[in-house]
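Have a look at the structure that comes next, please.
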Amino acid sequence: MEQQLPLLAPDSKAATSSPLCLTLDNPTSTSTSPAVPSSAPPPAAALEPSRQSFHERETDAIKAKIMSHPLYPALLRAFIDCQKVGAPPEVVGRLSALAGELDSRAEDRYLQGQSSDPELDEFMETYIDMLVSYRQELTRPIQEADQFFRNMEAQIDSFTLDDNGSEGGNSSEDEQEAGGGDMASAGLPEITSPCAEDKELKSHLLNKYSGYLSSLWRELSKKKKKGKLPRDARQKLLHWWQLHYRWPYPSELEKAALAESTGLDAKQINNWFINQRKRHWKPTPPAMEYRSLQPAGAASYGGASAGASTSGGGSAVVRGMEGQHFTGGGAYPRGDP
């Protein structure tokens, strides 16, 4: 360490170019140069470019070693294979041409000799194996999807080929034969386009399965959706509910009339009234019903003779109830509860 002390002289060029570790490890100097006032240490921002340049030089050196390695073309080939998975055909073609060029360069590098860095050799082999396994993982779902579509196409083809006895198939085949004979007699070549084939396939499938589809549609249309009733039907039920709020229990005749006017069945009407009574109806106590039927004049009697007022109130209630036919506005049920 003492031999490096002269490098720390402030007036020496070597002192400015010496590493930072030397200046930190040797705070004192035995140089014979004249003493100068101690200057402030250089800011960290001034040292960053040197560190960055050193890091860049080290990175460039590692890249150069990797690119000059004999396994570098194989590494690029594995990377290109990963990029080819799921790529469009034109991109795959360009990548394949690039891979061919890399193969020719790989032969030249192999003839030049092997690398002398075992650690770098292990790194290259490990990274190549990792890329190969990654390509296999990428390829597996694509292969499964391709196999699925092939199976579906085979099933559709079997559907079209098995329909030799159907009327639609015979008519289409007859038309094709007749059309082919006319074109052959005219000396014109037969022209088939993908769009025409698709239309023919659609018409063929419709002719074969139209009966099944129509029956299925009728079956689905019969099943009514669960949930809210039609708006008009609910309005009619609510109107009846408002008229018979004191006792909202329709009779069988009224249920039949509601079913005819709303277009609902008896089960739907029963369920609607059950839910409506559970949510929006509270039975009124009988005492309150009688009190509501009592005339206003009967309430003025009081205080002097309780018995007289009671008898008078009772007679008033009876008189008030006379002539009422309980068509839903009374306190008693009209129909079956």
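Even glycines carry a Cβ here, placed using N, Cα and C.
Swiss-Prot lists 1-56, 159-190 with the feature region 'Disordered'. If you look up Swiss-Prot, you'll see 27-38 marked as compositional bias 'Low complexity'. Under the heading domain 'ELK', Swiss-Prot lists 200-220, citing sequence analysis as support. For 221-284, the entry in Swiss-Prot reads DNA-binding region, with the evidence type sequence analysis.
If you look at the structure here, what lies around each of the features I listed?
Helix first, then strand, then coil: DSSP counts for the DNA-binding region (221-284) stand at 41 helix, 0 strand, 23 coil.
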Could you count the residues of the domain 'ELK' (200-220) that DSSP puts in helix, in strand and in coil?
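Computed counts for the domain 'ELK' (200-220) are 21 helix, 0 strand, 0 coil.
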Find the average pLDDT over the DNA-binding region (221-284) in the predicted model and report it.
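That stretch averages a pLDDT of 87.
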